[in-house]
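In TrEMBL this protein carries:
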DOMAIN    A:20-440  domain 'DUF112'
TRANSMEM  A:20-39  transmembrane segment
TRANSMEM  A:45-73  transmembrane segment
TRANSMEM  A:111-134  transmembrane segment
TRANSMEM  A:140-162  transmembrane segment
TRANSMEM  A:169-186  transmembrane segment
TRANSMEM  A:206-225  transmembrane segment
TRANSMEM  A:261-281  transmembrane segment
TRANSMEM  A:320-343  transmembrane segment
TRANSMEM  A:355-374  transmembrane segment
TRANSMEM  A:386-408  transmembrane segment
TRANSMEM  A:415-444  transmembrane segment
TRANSMEM  A:464-491  transmembrane segment
Amino acid sequence: MDILGYLLIGFSEALTPQNLALALIGCFVGTIVGALPGLGPVNGVAVLIPLAFSMDLPPGSALILLTCVYYGCMYGGRISSIMLNIPGDEPAMMTCLDGYPMAKNGKAPEALAISGIASFVGAFIATIGLMLFAPLLVRFAIHFGPAEYFALFVMAFATIGGITGANPAKTLIAATIGLALGAVGIDPQSGVPRFTFGSFHLFDGFHPIVALVGLFAISEVLIMLEMKAHERSQAIKVNRAFARWSDIKPTFPAMLRSSGVGFVAGVLPGAGASLGSFLAYTMEKRYSDKKGTFGKGDPRGVAAPEAGNNSAAGGALVPMLALGVPGSGTTAVLLALLISLNIQPGPLLFQNQPDIVWGLIASLFIANVVLLVLNLPLVGLFTRMLAIPLWALMPLVVMVSFVGIYSISNSSFDLLVMVSFGVVGFVLRKLDISLVPVVLGLLLCREMESALRRALSISGGDPWILVGSGISIGLYVATALFLVTAIVLSMRKRRAAKVSREVEDEYVGD
Amino acid sequence: MAQARWSDRIAGVIFLALAIWLYVEAGSYAVRFGDPAGPSFFPRLVAVPMGLLALVLILRPDADPTWFRWPQILSQAAMLAVLFGYPLAIEPLGFPLSTLIASALLAKILGATWLQALALGAGLGFGLFFLFDAVFGLPLPTGPLLG
Amino acid sequence: MIAKRLAQAALVVLVATPAVAFEPQNAECIAPANPGGGWDFTCRTVGRILDELDLVDGSVQVTNMTGAVGAVAFANVASKRADDPNLIVATSTVGITQIAQGRYPGDVDTMRWLGMLGADVGTLMVGKDAEYADANALLEAVKADPSSVVVGGSSAIGGWDHLRFLMLAQEAGVPADQLGDIRWVEFSGGGDAVTQMMGGHIDAVLTDIGEIGGFIESGDVKALAVMSDERLPAYPDIATATEQGIPATGYNWRGFYMGGDTSDEAYDGWVEILSDLYESEAWQEAAVSSGLTPIWRGGAEFEEFVRESEARTRDISKAIGVID
């Protein structure tokens, strides 16, 4: 079999002691960088590309080091989501929804272990998908034109109302706020600056990571300050040091389903890991949230977005390698990295440089296994993070966020924007308006608007192009079914509302 | 006692005003040739549901939250003063000094003793500077102290 | 940061004035875009080679200052670092197009233009199964009905890719008042545009050949014309537009500028450093492997060239109706 043979060659090159040591370093650095809010793969790779060059590593070894950092960041983002309610990067946002409540219920080790295993499952399935079906998937992905992408984004925003237990009108208004914020800056199609008040600083719009850190991290510190000292120290406790197998096992079906959803989202360039983890969470919630436990610390609510996020990250490699088209910000970084190693991704990569492709696939498998092995023992270390007093932990988180953003943009204006987002986030949280749709709107606004505008540019303004293909009609029908079932279910739920409200009060009141 | 429901109403009015402003402001962006939708179409497409949802908020508000607790609001205000001051100080004072001061103040607000706060500030100020500027090679402003 | 740079600049002027030749201290290159783009590539590759060949003292710091197609970096250098002798900024034809259309806070005289090191070439292509045999066939179809062909590229409406297609259309005889009817679709990169064409969503693409050369080699797309003076050595089978009776060229050169208040000494020093870099084998190799054709213009000659192309781009933009 060709594939096995190639894979063996890939592994035989990758599995040297030096490379394994590099993999270990890369995974560790990636996990830490990913876990720190404000620092992400962009920082990690910006730091490591010159390092790889100055160490004079052969391309294969450099590739292993850097893919380990890339995957490590994907793993790491969840840690601060669970422990601090502050996502380490954009896709890890969804993990806050159930991860932090689990930690509050004393189940931080379980949440960390489940999310670690879910990350492994997601990334593993995605790597297999990449290995077996890349050329086939590319043929599927190119059928997604602007109109089809627009239908996909409509589906994401139409289903957003159900992601939190709060008032759906508030969740939807949060999405419109995010979309409006995303429109700030130079319009990519026409070059017209919009909502910038003439300031050059706003011409590039709000960077998602600035908004994410501001909305989540700064507002979290403000909320924390509201508690009295003794309340704060009791906010999170740990029941057990390690997770039990019986806690993890029931989440496997959720991981498998979410890996599939995430992978498909990842393969489509422009959708990316954030959409992957979002869709995985909403689908899983709709499918298995029979008792209304999602959002209150349901382990499946942790497993789903993490599996979705990591399999989307793997899926995004398909268009990146086979077409040279980066599907997301993080794959753009990886693309830059391959180019600086003198590897040009594109349609010829699989034919002309199979050794590179299979070496990369082998590195992905190695990164994934190393990360799992590294992360499970680290659960203990991360839970001990909670022993650090808040007066030290929070300034550390805030200052690292500041320096991470400043070191990329070199602009103190961005830091002021970040603090302002913190104030907005605080107010929105007080009003019980979820922050997740705000960030998602900001992240997807550009792509969604571009898809719509491109479709209309193609048709010369004729709106029928939006429903002109089987794929887009199928997506709209799926969206409609989703909404109808949601409404039916919520009506049924309302009938049982009185009973469950008593249970809820007990649950939240601890 | 009936709960007050003013917060959502006020927020709704603000969002409604924002939606109207978005709609009107978007209209000022001229449509260039060869661009059928133009730069004003999508913001208006967002402004309409925002305005409608704002009306829902005004007409069916939830109960008011507890906006602040006394005396914690003082800490929150102090925290914001430090956070807004820090970006303004980073270039004139340099990264190590401004980070030292800001993180020491944050630690103090969060309940550290002065000694703990200063130790943390010094650690973060010089530690992060060393890590980013010297080890990672990402330049940070040094300021008059080390310059 | 500013204080530091100013202090450094002052120090350098005080200490280094009697020195024989100019030598930048802590050289810095601003890439006015995110990591991974063309400007970032220019800074990083040039920085790496300058470092390898010891053309500058120490290593070159690359700073990404993203925003508004280079306007943020331009404004920053003009207002804060106009006299910094250690700072160079990556730019290209795209930047000059922005200046010509009044999208930067300043004009060409705001900066000093150091030189260009290589150029990418605009290429017109269609899907592999498209009916058009050459550039004329495609442009005839456009002429017959300007809205019948949907064209895409990596620039906004009025940007360099779009302008280059309109130049071709104009030369082929499409009346000026119908140029606006041609359907142009912006994508975030050349690769995206080509992929969308392969999916059948658009009919033709005009963008730089460097980024999408792989698709031509693999046979996924059919290149109809390159907008260069001569055929490209790497793609000898692709006819130039001029050969096909459409006299239009469209390069996208890569080069650098520095602040407008820098000393002649620093300016001449950098021109010499870049000229040495251009001569090196390492640059020639790096340029070719990323799809660039090495071309050198430096110093006064380059200043002149920038002025000319700015004026020409402004005229074209006006004629086509992109600006008033």
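Cβ from N, Cα, C; glycine included.
Unlike curated records, TrEMBL annotations are generated automatically.
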Item to check | Leading stretch by Cβ pairs under 8 Å, where the reference is the transmembrane segment (A:20-39) and the options are A:140-162, A:169-186, A:206-225, A:261-281, A:355-374 | outcome: A:355-374
Next on the checklist: Checking distant contacts: for the transmembrane segment (A:415-444), what same-chain residues at least six beyond its ends satisfy Cβ-Cβ under 8 A?
Outcome noted: 90, 93-94, 96-97, 153, 156-157, 160, 163-164, 166-167, 170-182, 206, 208, 210-219, 221-223, 274-275, 278, 401-402, 405-406
Item to check | Predicted model, mean pLDDT over the domain 'DUF112' (A:20-440) | outcome: 84
Checklist entry - Apart from its near flanks, which chain residues at least 6 from the ends of the transmembrane segment (A:355-374) lie with a Cβ under 8 angstroms of it? => result 6-7, 9-11, 13-15, 19-20, 23-24, 26-28, 30-31, 59-60, 63-64, 67-68, 70-72, 75, 116-117, 119-120, 123-124, 127, 130-131, 314, 317, 321, 343, 349
Checklist entry - Should the transmembrane segment (A:386-408) and the transmembrane segment (A:464-491) be scored as in contact, given a threshold of at least 3 Cβ pairs under 8 Å and pairs 6 or more apart? => result no
